[in-house]
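Input: a single structure, listed below in structure tokens.
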């Protein structure tokens, strides 16, 4: 291995690492606020990428039907709840948000000449379809059991993941897709050639991380999410509803997932089940951050990306094994350095 | 049992409140009233159900009975609706956001108002800083690094950010040095003059009876005695059970 190969591998590693960093941040965020280990995070990557691929191929994305179905389910749950509480005046809003919105998106997808739109518009459409699935999923799956133990929530996450992979096969078929790169430019720095896509990925990740930091540091809703993560009871007493915090968190997680999918799909072919492995690598990074530290998780993500690309050069058959083996020393190190804290009742 | 607190305009009226943890009944048929601008205290020994009562009124615990707040009957109260309608609880454990700054803690106290479109938290925060100058000095410090007294001040200040009609304080003197306790009670009286009604749960019965207008004695899950605070402070049974002898120094601290 010479210096040039190392540079190429390093570039690959950092590109993937930037995407894993986004996913790791989403996983840390979801766990901190809702105590859910969000295994379906990766499915949002695949759904985002494949929905974009469908739109690019001028095919109506079947995920829009899922959006409608989930919307109807949420409307039924929220509507019945409002009726039982004697708040029938809330019904029109519940219906407009949960059923009206998906119908509008479906109409938009039917009417627009999908393949002729610019890539940016196509990405926007894919986001309009997939991102709302995040909060809807929280409402249907997690909100009714929000007080359950971490283990129960984890098992429910596994179930949601399996269901979403199955639906993915139904929606997109077994074929894999690649979407066009966001930029075809190439920059030559001496012997190193950097693709425009790499710059896009790294820049978009940095912008998103900074935007998240500003959201959590400056806005009252961001502070409310942090407060919920720090002290659930205290947040409730301030009138911050746990359900609102949960939905907001899942909205951010879905947004991050879809953007990661858009960023990664020009680099790797995405299949209906590719999301799991990508999400799991984000999870390894999140574990390095102890599911609590954002900077450590981001650092871990770059480490995972680099380890992956270098091990694919030396021992490509073992590349996944090597990445996931990283968890063992990390867990040993964490269990030696951190004190066990009893979970608050 | 109906309550005899004849307040002109009751802010809070609780009748026949029952709370049970599984099969164990922690609160049986408790009735209390807090009038507008009144300080009402609930005293009683450990395990009498004082905290349970506050949690049930706030909607943190499911309960049976009638809760009327600001002349509106609250059916199955939810914490958010109670906060939105002007009730606020400072719990025994304070429940501060330890890894956030004093200022952020205060801002979040106004979250419900902000959500309802009332964006006056900057001005309210100035008022809180006037009430607790110490918090202004500590505004950028993490809440977790504050001393016990400062934490209690922050907890009260955070609750006041919501501009509540009724402030419920659970053991505000718990774990505080006598001088700090005195400071807290001084502020409680000051709040009343601003028109905030206060429901005060205390183990420090002497101090509580000093500042309160009306008092309830809670024993084993039920209201055992009630009356104007000054009368109860002179009642033989209350003196024997809660005030005792040798409590003279506390009396001096509470003035």
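Numbers run from 1 along the shown chain.
Placement of Cβ uses the backbone N, Cα and C atoms for every residue, glycine included.
The feature transmembrane segment is assigned by TrEMBL to A:20-39, A:59-83, A:95-113, A:119-138, A:150-174, A:194-216, A:248-271, A:283-306, A:318-336.
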Seg_contact(the transmembrane segment (A:248-271), the transmembrane segment (A:283-306)) with at least 3 CB pairs under 8 angstroms, min sep 6: no
Which of A:20-39, A:119-138, A:194-216, A:283-306 contacts the transmembrane segment (A:59-83) most, counting Cβ pairs under 8 Å: A:119-138
Proximity verdict for the transmembrane segment (A:194-216) and the transmembrane segment (A:95-113), three or more C-beta pairs under 8 Å: no
